[in-house]
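> One structure, as structure tokens, below. Some questions next.
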């Protein structure tokens, strides 16, 4: 609720209170959102290497609270906001800008330690060696995201209205109090939480050691069979409590790191170490093709809101719907879709495929990306219609209302919510599930950083498109006056790159090999969790 209470309406605060232009406000929202989602890389590294998830979350949540208090103070005090006289508003002073953005980026720093660790800490409460708990864990990320979006629903329905009609100080003060209450509830459970024992001092060290060793051994010949590569005895993994990851025939240039060299004084890496590095490289490949979908999602809190501001927002004779409140329909559709997915779709597909998840993680992502393409296609079609209405009614002024209901934007919001059930939750689960055992906090930052880079990418695209199309005497696609711009062209551009990105995703999925590791021991026998590497009807690996 705290995050979405800021993010969903920040673009309006920047334009109406700090008097920033459209491109600057969109860019600043994207840059802040990008920072919120990319700082978890640092928080996850600290958790996996030094403090653990619980204590990293604890320290970071305190920083988050400080940021929220500072932000509430900033928007509440008149001296920290620009003044207006006779309808003419002054630009924000340097002090006002510094104080406001210091508050925002303090929250971003706090989010760096909370976002990657609270979800993984929750998943750690399930024991993978207990069949019943392992089955429950399959649903955990669905319900985790469900509860997160309940907070988002409160933000987009209630907080946005409060901010615009009752005051920004109250609109930010409520989620600050809510955040403090949620932390109180969290710490009530401290005596019963499970904490994963850290099994290596620096889990990320293998990511450096394996490529270096492979380069050093580049002239050595690979053995004919992977069983001849260096690996500890299974009993050693049993005694240490670590999981053995088994050989996969991808990124074979890294296999040389596990070649036994009798002439070298330095021991080779184990197959498990090499496979951990391969997993990260494979996830990086999938991560790259999630950036464009994250860019599409960035429109919800930026251009979709600005687009809605130009339309007829009346509900009855006196009530005006805040444009940012339409984001609640992303949440509504997502909240309705999660139970249907978990209770009906998964069991139905499980009977068809035999997969405990119903469909594979990559199939889930692919379906989500297709739905997202449909959403941006509808956004493009609606904007084309809005521009036609503008021409018919000869509307030119930036504050003139286009006689077209804001509810015409509903389909794109609803579809993005349904897409989230597949790709947002699917990505979080994919990166947690496929990460090396000691790097699961760092692994989930693939999810958060993808959203972050997607926001930065959107900021970059908006800036570049505005510079190119608005250069000289040209009409910018994304001008301050959206009634005299070509937002439809920008949506069309996003649609084209989304379709191209889907093709890249299908190719990357066909190359990906899922993790295979030892997970259970029965009287000395090793049982493997493995996924068949056959091609599914969608062209994605099972």
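Every residue, even glycine, has its Cβ placed from backbone N, Cα and C.
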> Looking at the ranges 469-488, 489-508, which is given as transmembrane segment in TrEMBL?
489-508
> Among 279-299, 510-530, indicate the range for which TrEMBL gives the feature transmembrane segment.
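In TrEMBL, the transmembrane segment feature sits at 279-299.
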> Test the contact criterion for the transmembrane segment (54-71) and the transmembrane segment (168-189): 3 or more CB pairs under 8 Å, pairs 6 or more apart in sequence, then answer yes or no.
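Counting Cβ pairs under 8 Å, at least 3, so yes.
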> Does the transmembrane segment (168-189) make contact with the transmembrane segment (140-162) through 3 or more Cβ pairs under 8 Å, each pair 6 or more apart in sequence?
yes
> Using a cut-off of under 8 Å between C-beta atoms, tell me which stretch among 279-299, 402-432, 444-465, 489-508 contacts the transmembrane segment (361-382) the most.
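Answer, by Cβ pair count: 402-432.
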> Sequence-remote contacts (6 or more beyond its ends) of the transmembrane segment (402-432), Cβ cut-off under 8 Å?
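Distal contacts: 119-120, 123, 141-142, 144-145, 149, 283, 286-287, 290, 293, 296-297, 300, 304, 307-308, 310-313, 321, 323, 326-327, 329-334, 337-338, 341, 361-362, 364-365, 367-369, 371-372, 374-376, 378-379, 382, 385-386, 389-390, 393, 395, 440, 443-447, 450, 483.
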> Using Cβ atoms only, state whether the transmembrane segment (489-508) and the transmembrane segment (279-299) have three or more pairs under 8 Å that are 6 or more apart in sequence.
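Stretch pair touches.
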